[in-house]
Amino acid sequence: MQHPAEHSPLGKTSEYVSSYTPSLLFPISRTAKWAELGLSAETLPYRGVDIWNCYELSWLTPAGKPVVAIGEFSIPADSPNIIESKSFKLYLNSLNQSAFDSREALRAVLQKDLSAAAGAPVGVRLRSLDEVAEEGIGRLPGRCIDELDIAVDGYEQPRPELLRCDAGRIVEEQLYSHLLKSNCPVTGQPDWGTLVVDYRGPALDPASLLAYLVSFRQHQDFHEQCVERIFLDLQRLLQPQALSVYARYVRRGGLDINPYRSLAEVAPDNRRLVRQ
């Protein structure tokens, strides 16, 4: 079956447009990938958001002076569409030689265009470089599982059968790994990320979680679908009282994508990690 992104700019030579062109945005319906996981828009078992950070955002004042900022875009996890990443980059680049009356005027334009592409209201923040610099590099709480000794014999497909838990011991903890890697389903390029699991329920075997995450290493899918698959596999195993899964992916083309899925309506921290 042809991937829905095959008609997008991904993997193709693209002309870089330097004047405002909202038609560059390429939405991709979430429906097909939800169906692969046995889900529909009416049966999503999670809440969440996809946070995109843009580090290559610039436009002109009415006097022709360039301005730069860091953009933060929050796309609801239940929006009908995701936005294909290269088209997102091309759209943002189209602002470079376009003049806007104010920062707020640009923010309103971005919100309008991105919400139209996603099919749901998208949150937009334009932040100064000093503001972001003051936050520094984030450090994750909880336990890093990357030094656990595991044997790995498969990387092609996610292997939820590797996951183990102790049903007789209920815990509340946060586990994380910097070893998440998957691949773009169109170009095959690697997507590197940090994966955070925060839960309350039967104790998850950390080594089994690490082996499971490593099994994504040659898997081809978008960031958002990888996180949803991980969330569902953990939910099926643990039947937890609380669960959130958060991936902080390394940026590409000036954009990083950070999908968050949770049983609760909680806004995740958006502080960048060391590889971002």
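Including glycine, each Cβ sits where the backbone N, Cα and C put it.
Note that this is a predicted model, so its numbers are computed, not measured.
Feature annotations, reproduced from Swiss-Prot:
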BINDING   I83, E84, S85, H223, E224  substrate binding site
BINDING   S85, K86, R252, G253  NADPH binding site
ACT_SITE  C184  active site, thioimide intermediate
ACT_SITE  D191  active site, proton donor
Closest to C184 (active site, thioimide intermediate): which of the binding-site residues H223, E224, R252, going by Cα position? H223
Could you find out if DSSP has E84 (substrate binding site) as helix, strand or coil? coil
Where R252 (NADPH binding site) falls in three-state DSSP terms: strand
Beyond I83, E84, S85, H223, E224, what residues of that chain have CB atoms within 8 A of the centre of the substrate site's CB atoms? I28, D50, I82, F88, F222, I257
G253 (NADPH binding site) and S85 (substrate binding site), compared by Cα position, are separated in whole Å by 9
Using Cβ-Cβ distances, find the residues under 8 Å from I83 (substrate binding site) that belong to the same chain and are at least 6 apart in sequence, listing them in sequence order. L25, F26, P27, I28, I75, L114, A117, A118
At the Cα level, what's the spacing in Å between E224 (substrate binding site) and D191 (active site, proton donor), rounded? 12
Coarse DSSP state, helix versus strand versus coil, of E224 (substrate binding site): helix
In Å, rounded, how far does the Cα of D191 (active site, proton donor) sit from the Cα of H223 (substrate binding site)? 8
Mind giving me a neighbour count for S85 (substrate binding site)? Other Cβ atoms within 10 Å of its Cβ, every protein chain shown. 23
Rounded Cα separation (Å) that holds between H223 (substrate binding site) and R252 (NADPH binding site): 12
Around the Cβ of R252 (NADPH binding site), the count of other Cβ atoms that are within 10 Å: 16
When DSSP states are folded down to helix, strand and coil, where does the residue listed as 'active site, proton donor' land? strand
